[in-house]
Amino acid sequence: METMSGFLVFMSLFSCLVSGFSLQNLPITSFEEGYTQLFGDKNLIVHKDGKSVRLTLDERTGSGFASNDLYLHGFFSASIKLPSDYSAGVVVAFYMSNGDMYEKNHDEIDFEFLGNIRGKEWRIQTNIYGNGSTHLGREERYNLWFDPTDDFHQYSILWSASHIIFYVDNVPIREVKRTASMGGDFPSKPMSLYTTIWDGSKWATNGGKYGVNYKYAPYIARFSDLVLHGCAVDPIEQFPKCDEGAAEDIRSMQEITPSQRGKMDIFRRKHMTYSYCYDRTRYNVALPECVVNPAEARRLRVYDPVTFGGIPRRHRNGKHRSKRSRIDGTESI
């Protein structure tokens, strides 16, 4: 075990050297410097250090905050600790959007954390929209290899002109490459960063089967290590200006190293439970940017033959269920 641990540490350091970038070197942005409260009144509390924030959902309201600046590309990150115990219907979101500026053709890049009933695990959902393409869902959904309510874990978004990469604890879990076939569906307009907690009872847990139970309120999500490392856009001139070194870091980070790609492959094989590219009940033909991986297709088809195999649903509650795989110690990410 000590040998394997040492090897993983070496590979992590090697990855940073190859990519020329380390998350530990990125500047942490204080709340006062980088953010503004969106809603929630006293349900948002900034800690004395000025760099940690607590968001609460209760019977009255949820809460949230947004970046002061718009950004056109960058690296955006937060360490998050999610509410524990019964959390069905609760949604914690860490995302980028320009919906307040472009009502009918907005862009969006989403990390959504979906609560669950007692004894069941939180799920992560990622999604992107470009140019108002909300009629096309590009969701992926995953379980995690840890309990996100026990401690803080880092969730990050890299957005460049050609790539979007989602990270969990510095492990890339999803890569979206811009293709000609996507056209304007790839997010391309300046966006703000948003962080919220809210009541998603109508859809978040089993399609709305389980809603928020305020007997367990308040639901508290904690945030720290907030990173806004990108190209801020002047709201009047609409011209992006990168922080010192940001443009170089963005170019470096969009190249996933072989070590990172290996970890991403392990994560997706063990923990991805849904991908729009394989959803045959939703799309007869996969969207043009999808690169179908036969191994992924087979695994998801076994997990849910109705959704991923196009089999007609015969019974109302006939959806196939199987236990998901977990990290078992033979492979690490």
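Quick reminder: no glycine exception, Cβ is built from N, Cα and C everywhere.
Automated prediction, rather than curation, is the source of TrEMBL annotations.
If you look up TrEMBL, you'll see 1-20 marked as signal peptide.
The feature domain 'GH16' is assigned by TrEMBL to 21-223.
What TrEMBL records for E108 is active site, nucleophile. Here E108 (active site, nucleophile) comes close to Y95, M96, S97, N98, G99, N127, I128, Y129, P187, M191: these same-chain residues lie at least six apart in sequence, with C-beta atoms under 8 angstroms from its C-beta.
Feature annotation from TrEMBL assigns active site, proton donor to E112. Long-range Cβ neighbours of E112 (active site, proton donor) (same chain, at least 6 residues apart, Cβ-Cβ under 8 Å): V91, V92, A93, Y95, I124, Q125, T126, N127.
Positions annotated as region 'Disordered' by TrEMBL: 311-333.
Sequence annotations record features per position, and here TrEMBL assigns compositional bias 'Basic residues' to 312-324.
Averaged across the domain 'GH16' (21-223), the predicted model reaches a pLDDT of 95.
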